[in-house]
Amino acid sequence: MPDVQADVAHEGWAESPATALLVLADGTILEGTGFGATGRAVGEVCFNTAMTGYEEILTDPSYAGQIITFTFPHIGNVGTNDDDVETVDMASRAGIRGVILHAPITAPANYRSKTHLDAWLKARGIIGLGGIDTRALTAMIRDKGMPNAIIAHTPDGQFDREALLAEARAWPGMVGMDLVPDVSTPQRFDWDETTWSLTDGYGRQAAPRYHVVAVDYGVKRNILRLLADAGCAVTVVPATSTAKSILALKPDGVFLSNGPGDPDAVGRYAVPMIQDIIASKVPTFGICLGHQMLALALGAKTMKMHQGHHGANHPVKDKDTGKVEIVSMNHGFAVDPASLPANVRETHVSLFDGSNCGLALTDAPAFSVQHHPEASPGPRDSHYLFRQFVGMMDSVAKSTDPSAQKQV
Ligand SMILES: NC(=O)CC[C@H](N)C(=O)O
């Protein structure tokens, strides 16, 4: 095995003195070379194993409050562009706190690239730390769990290490943390399919057949695209919306989005709304944080995971069909399957650790998944879930008016 420190030196990345640090709450200090924005930020460190899609990952609002260490080496190789941004409004509402790399940013070599990753990170205020033995850091997270830490970057290499450590230790951590206000839309808007241009040929229905209200806990752009592709006109509403205000929009379906932080904390205001939506029998679909909060609304419990699931190649089994899907994952909390009530079926499980990855109600049209069927990045094996949601709306429309040919 090559010597990691020697590799770093060979790549000309390590700087002396260090211009960036990662100070873990346990007192461990990792030194390296700063890139991206300068400054400091506290967060939880997690590793992501995806081999593509760093821009989508860096703009996924669910990463608010987290610092990502990538296990894949060629970060930067396709540069950055506007199409791959996952925040809905293109602004830096994503909330990721920092990024850690082993090798220097790879120069962009892709026709879609507009901006070098380093300049893009600077513009978005995301701090970078390079030259780190990310293999060792990943193994440490796997063994000890996701640590709280502070990432700091100063070009002159002057750090008050004691003060940084104190700040990392003072950060309360993810449990009990509601980061949704940082990333949810402040006001309602209609998702406009014409505001994006995607070059990889997703099919789109000519006219939307159903109206879906998407509750935004930090929704990813590709979820809205795929809802639209499946035939839905989508209205995005703030996370604190009440069931009354949502039902006043006369939705055919309600979507509960992904998002950052602890589902228990967000659930304080989301759970009563979700319970009323379920009681109204409007078809409901949740992804990731939306899945966790649907579970909470049904009386189940969520728990913090040890290292979490962050990658684009996780095997998940559909318990109904026995089929295995390779999926995109990004979560640090999980639903406790033992806590699911009698009217809820577990529909999907992770083949990595057996953790819960999906549920469906037996007495209401509602289901949800822990993984990310919208991928971005990742495989498209689970795209069928968007069609399943539309199928649910078809069934409800037929049962209320069999002759109805709905058009929004
Ligand atoms: N992608 C998500 O929605 C993440 C959900 C939640 N914040 C978790 O970490 O588990």
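Glycine is no exception: its Cβ is also placed from the backbone N, Cα and C atoms.
TrEMBL does not curate its annotations; it predicts them automatically.
According to TrEMBL, the region 'CPSase' annotation covers 1-210.
Secondary structure of the domain 'Carbamoyl-phosphate synthase small subunit N-terminal' (18-152) per DSSP (helix as H, G, I; strand as E, B; remaining residues coil): 27 helix, 43 strand, 65 coil. Positions annotated as domain 'Carbamoyl-phosphate synthase small subunit N-terminal' by TrEMBL: 18-152.
The L-glutamine binding site feature in TrEMBL is assigned to SER62, GLY259, GLY261, LEU289, GLN292, ASN330, GLY332, PHE333. Within the same chain, residues at least 6 positions away in sequence whose Cβ sits under 8 Å from that of PHE333 (L-glutamine binding site) are MET174, ASP262, PRO263, GLN292, THR302, MET303, LYS304, MET305.
As annotated by TrEMBL, active site, nucleophile applies to CYS288. DSSP assigns CYS288 (active site, nucleophile) to coil, not to a helix or a strand.
With a cut-off of 8 Å between CB atoms and residues at least 6 apart in sequence, the same chain places LYS220, ASN258, ILE287, CYS288, VAL327, SER328, MET329, ASN330, GLY378, SER382 near HIS372 (active site), listed in sequence order. In this structure, HIS372 (active site) is part of a beta strand by DSSP. The feature active site is assigned by TrEMBL to HIS372 (among others).
Sequence-distant neighbours of GLU374 (active site) (same chain, 6+ apart, CB under 8 A from its CB) are LYS220, ASN222, ILE223, ARG225, LEU226, ILE287, SER328, HIS383. Marked as active site by TrEMBL: GLU374 (among others).
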Any further residue of that chain within 8 Å (Cβ to the Cβ centroid of SER62, GLY259, GLY261, LEU289, GLN292, ASN330, GLY332, PHE333) of the recorded L-glutamine site: ASN258, PRO260, ASP262, PRO263, CYS288, HIS331
Those residues of the chain, 6+ apart, with a Cβ under 8 Å from that of GLY259 (L-glutamine binding site): PRO61, SER62, LEU179, VAL180, VAL183, SER184, ASP216, TYR217, GLY218, VAL219, ALA239, VAL266, CYS288, LEU289, GLY290
Neighbouring C-beta atoms (10 Å sphere around the C-beta of ASN330 (L-glutamine binding site)): 28
For GLY332 (L-glutamine binding site), nearby residues of its own chain (Cβ under 8 Å, 6 or more apart in sequence): GLU44, CYS46, GLN66, MET146, MET174, LYS304, MET305, GLY308
